Amino acid sequence: MLTHLDSQGRANMVDVTEKAVTAREAIAEARVRMLPDTLRMIVDGQHPKGDVFAVARIAGIQAAKKTSDLIPLCHPLMLTGVKVELAAEGEDVVHIVARCKLAGQTGVEMEALTAASVTALTIYDMCKAVDKGMVIEQVRLLEKTGGKSGHYKVEA
């Protein structure tokens, strides 16, 4: 059942008034594939626009906080924690992991996915002048805890 549709099939924001407040957490990932020279430039701190990982991390955190402004039926949430980690993976990939937490009545999957996505988009934006062929890939939810639907973890 699609919870964002009413009995006439119209979109609406789900009423969570009666849902219990529980601890909730979601972890999402994304990858940005690029030329080895581009990744080397980032890791060596030689990018002309500055510290790509630092800027992308802040963008991801800000995006998590702004998710309800971007996704129409998402509830505005009072996140209690957002963490974005970036790491070079091999010679041509940046791996992004975004983690969002709160004690609330609805999950934080969309916030974690938005954080990972905007982090990847920021890397693309900062590096497109030197590498137009970058690919953002594998944006997905890795794990979520809390709430009525319980625990979910992607299978390896």
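Keep in mind that glycine also has a Cβ here, set from the backbone N, Cα and C atoms.
Among the features that Swiss-Prot reports, substrate binding site is placed at L73, C74, H75, M110, E111, with the record citing sequence analysis. The active site annotation in Swiss-Prot covers D125 and rests on sequence analysis.
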Fill in: Chain-internal residues, separated by at least six, CB under 8 A from E111 (substrate binding site)
A26, A64, K65, T67, C74, L77, L79, V82, C100
Worksheet item: Quick one: which residues besides L73, C74, H75, M110, E111 have a Cβ within 8 Å of the substrate site's Cβ centroid, in sequence order?
Response: T67, S68, I71, L77, T106
Worksheet entry | Rounded inter-Cα distance in Å - L73 (substrate binding site), D125 (active site) | 27
Worksheet item: Of L73, C74, H75, M110, D125, which of the recorded positions has the most Cβ neighbours inside 10 Å?
Response: M110
Response to the item:
Rounded Cα distance in angstrom between M110 (substrate binding site) and D125 (active site) is 22
Discussion item. Rounded to a whole angstrom, what is the C-alpha distance between H75 (substrate binding site) and D125 (active site)?
Written reply: 28
